[in-house]
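Residues annotated as compositional bias 'Pro residues' in TrEMBL: 9-18, 96-110, 170-181, 238-258. According to TrEMBL, the feature compositional bias 'Low complexity' maps to 111-152. Annotation comment: TrEMBL describes 195-220 as compositional bias 'Polar residues'. Per TrEMBL, domain 'Zinc finger Sec23/Sec24-type' is recorded for 421-459. Taken from TrEMBL, the feature domain 'Sec23/Sec24 trunk' applies to 496-736. As annotated by TrEMBL, domain 'Sec23/Sec24 beta-sandwich' applies to 741-825. For 958-1011, the entry in TrEMBL reads domain 'Gelsolin-like'.
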């Protein structure tokens, strides 16, 4: 283009097709409209070239959060539903539970030192600074009523890097406020109520009080595993242990409030208790008990041990033949709400972690927290043949930025100065507690590749009598499983990117008329206060229908200027305009614009959506810097790049007729959006989508964009302008304020003998060893599968190290290094003893999700059922020595695997009757789902809420859950069922009118509204229900979309579809499934 040519076409703007100017178009503050565009084709001049990118190659990006608190206020003045306010910090890990009442606010930078200064023997010319984590909370935010407008929050400034003079400072707890006493010194009052280890599941646990830290105890004799015999009387439901709350849990003041999620998904759902595992043959000792007190502790009671039933201790749990199965005796998850203390290693041995769904506090003694990294088995098979024999998967779930529990010690930041962190010169593994120093400390042996490295002169330290460096306990990288290193210039291709947030809003006719546009604008406006504070935070906004409308926000004293891009096939962005500007400079004009957008487009008659062109235009605006693109989409993309056609009618026909090719409709319609997503990822643009729709939008096609860029899909179907804006606001607020980072690269290394086979999750992969994550946050999980390439020696240890290089929201480059070292075994029985149910089931779940678009649903259901049967058959064949073939033998650690496998087969993703978009969303959700939410997604928590008044004051806030069976549902009951995403409230036809009046404000079932907005009335029952809902929201880090379900209408049928233990037209009951599994095992044995 000639230099004299203006950047845009001159002359009056061309009217947009189908756009009727709004009667409110001239409201105060409405933007002026200018058309950008190429003139009509006959005289089209070539467009001005786009700004070149500052880098041409993909960045070895990295990222990390500096987080704000959990979203909790609904849009202002809109929805007087249950109240939710935030009480979490803005630091890198906002707590999911209220802070301890005795906690004092800490300044964001300095905290009392908890790491002693390096010993004098560590002659170090290179000062190694240990600093507080950036974004630590300046103070616990006060709880705010749900209806109040959000207030601006102060972000702690990131600490300034400096060498240590004197003792290094320790950062404040990773996200929670610090307690006054040392977290793990002596008795910890916050941990009162640690449960004792539960015996096998035919003996219900008893509530016990606990007065001190748990102690290790070796078994004096192998515990005897008890069979499930139909003739045994059922001992009744176990009474839940008394709940002492997460450390110093404070009551919700006044109206129920919503806390910023804490690191622990609190008693997230009734998980199986710690079990005493059957003893195993061979010379391996029984694993030490990690939770609770020895049976002989004064003041503790243990249930009497029933007489042994004659089976081998190896036999595990047994279930009798079909005619004798008592539904009350079959394995079910048992509730546990008390907090347990978990030490990752003791006596130089790795401890088996507690269930992912339980409430625990981690003490990092060399292995990382199981929240960050967790393996499907806690002993590694020495050979690939042994792994194959077990039929179990060998995989790792990595959640590198997972939120910690507020009572946990912080992750330490280590600065090695200009030279950067110490690494193995062969495999490039990072220094960690399992690298062995030899030759008086002059050399060290890498625990990953075995190479002997020279110790840098300024890192040298003498060894003590135990062979460890004398300064090991003072150096976090030598005594902690997880540390963060400050990255040097060699880890950067360019300067760390700023925190850029670009909002893209659908203003097509359907979006405006359903209220989705107004809800999106309200949510964005209220969330601005939660964006990271400081000059590096930048924002931009655009709207779209069949054209794209940018807004110039740089005109500080004037109205924003609307710039229209009509070409949706060859997209471009306006040149030389302030589309993306610093938040501090444009906050007022942006808030005014967001208020006006629904009025500007009030009479819009354009039904088409140029979604593909809009995200391409947003990407072009973000291309020079990278950043987050947050898209609010309401209709099927129908014009421009990446336009799609409706496949839903075809899908209904194919599924109902049993078409074998029906799964192809769950694949992207074409490769256009996938190719665009790859380009987005190359320039560090992460896309999140908020789908506020009442119709089919082809999630299978559009979800590849967030799936490739490290983003996420949020789905509100059918969108309700009454009940959904509260969730939309909370989801957006948590999305932008949670611990997160940008331009990340992750690699997992492991000891010789294993190699990484495959990564699975939301990322882009260009080279075999690394994955690129334009965005990574505390809720994202990556699955890593392994295969053997050599043998391990018995009693050796296998090291696994995950390294995440990323940029914080404050522009600091960091390397988070997460280490896990597990013993190797050649005994199959040890593999079953150390199996991790939560991780194995999460692996099943993610495998099923990956198969759904490429296989028929019947094949996927058969595959996951066979996975379960093969594991149980291997245990029965090689480990159990019971004489009766009429008993189903279940390994103690995996006794709930059949129940969860059945629940998975009946889940939304694998049912024949689901909508295409529902199934595609389920696949998208599962791909990056954390372990703690895997089981609740398919086996939700159901609690009765019609008898809340009967609860004692000293019991847990959440009532005990009940099995997912219609036998446990009565016509006069009211029940709450939640799976981490949705909350369903089921009301029986005979429900007590007084209870309905107290909870819903109506005296009869007929008076209930079709859409639920949970309000708090002035009575104890309503207050307790609101407290329960808000407690669940904190545990799940999700606002929960509440829906009413009534017996006799489609909503009641939807609720009953979650009763996975019942027999259904296309599926077995739980008892029948156990019989089926048993018969399949018998067939294999024969």
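FYI, residue positions are counted from 1 along the chain as it appears here.
Glycine too: its Cβ is placed from the backbone N, Cα and C atoms.
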Stretch-averaged pLDDT - the domain 'Zinc finger Sec23/Sec24-type' (421-459): 96
Residue numbers, six or more beyond the limits of the domain 'Zinc finger Sec23/Sec24-type' (421-459), whose CB comes under 8 Å of its CB atoms: 122-126, 366, 414, 467-469, 472, 477-481, 485, 749-752, 797, 799, 801, 803, 815, 817, 819, 821
DSSP-derived helix, strand and coil totals, residue by residue, for the domain 'Zinc finger Sec23/Sec24-type' (421-459): 6 helix, 11 strand, 22 coil
The domain 'Sec23/Sec24 beta-sandwich' (741-825) - residue tally per DSSP class, helix then strand then coil: 0 helix, 57 strand, 28 coil
Number of helical, extended and coil residues in the domain 'Gelsolin-like' (958-1011), per DSSP: 14 helix, 11 strand, 29 coil
